[in-house]
Amino acid sequence: MTSRIDYSVWDHIEVSDDEDDTHPNIDTPSLFKWRHEARVERMDQFIKAGEDLEKGLAESKRKLTEAQKKTKNLSSSVTDDAKAELSKAQAEEKRLKKEERDWEKKLEDHRREEKKMPWNVDTLCKEGFSKSVMNVKPDVKEETEEQKEQKHKTFVEKYEKEIKHFGMMKRWDDSQKYLSDNPHLVCEETANYLVIMCIDLEVEEKKALMEQVAHQTIVMQFILELAKSLKVDPRGCFRQFFDKIKTADQQYQDAFNDELESFKERVRGRAKIRIERAMKEYEEEERQKRLGPGGLDPAEVYESLPEEMQKCFDEKDIAMLQTVITKLDPTEAKVHMKRCIDSGLWVPNSRADEGDDKEEDATYEELNKEMGD
């Protein structure tokens, strides 16, 4: 079986400074110190450049979102001033889209350069390397829907308690420590379960609890998105998310909050749809229970009757019904009574007791006569 582990990442590691040979007349410790300081400075500058690019891209996306909202609002107006403003807004939106693409390209180039950089004693000693989580190449073959469903089911059966515990957490530090102790939870299955959990809580009208679990859902989603962008195992980069979110980077925090609010709105929408569907299913079940011997719904038939006939059924007055029938067109009367029988509103030969039997049978025969039977 071919190994899936990518060993090529180890091909360009810088050796430790003290492995270099130097001239005996050179102050070796000083040389190592200067080399190290120069390398650390280069690394710091490179990292800062990447952070500046991320901030620039985030700001560009924010401006573009505002421009798109402005364009959308102006599109609905028909005044001349609005049309002129719309033209300017569309031009600005086009410019900002190009600016966003430029930022994305710069950031992509920066990340490409980062991957080419050799590892050294400083990068190897960072926290990201302290855990034995190996980055592996993803499978080329995608899982089928059935496989994904079975994988999710198996995972939830095994770790449901731990996922729920994570969903109830509130503090960044607690969440980070819990994932450090349970790195297997950093995956799509956890995120998917938390989404379902949010919808269930909203349906149950446990709104405050839903919002708490929604927060943890977006935490997991941000970690997974970070892993995708870095093309690494999410278990190896979740600390980077917490480091960034806890430094109070305003743009990153704003992006997180925006996504959280958007997610909660989607949860409320899905919960509403689920409730409406459940109500329709319940109403249909009740309707099926009501259906008469001819397959008609008594409630629907009652609503279709003339007001005078409705009153007869309201008051359960057979004599009044007979009088009303005589006033109707025979064909119309026959149709109404046939529908009443098929829906169970009128039950021929029914009786509450023996004493009422003959009277009710005679009355039905009279009604039939009126209908031409």
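The backbone N, Cα and C atoms fix where each Cβ goes, and this holds for glycine too.
According to TrEMBL, the protein carries these features:
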type     : residues : note
COMPBIAS : 80-109   : compositional bias 'Basic and acidic residues'
COMPBIAS : 354-364  : compositional bias 'Acidic residues'
DOMAIN   : 4-132    : domain 'Cdc37 N-terminal'
DOMAIN   : 125-286  : domain 'Cdc37 Hsp90 binding'
DOMAIN   : 290-370  : domain 'Cdc37 C-terminal'
REGION   : 64-109   : region 'Disordered'
REGION   : 346-373  : region 'Disordered'
Segment-level pLDDT (mean, integer) for the domain 'Cdc37 Hsp90 binding' (125-286): 84
Summary of DSSP states over the compositional bias 'Basic and acidic residues' (80-109), given as helix, strand and coil counts: 30 helix, 0 strand, 0 coil
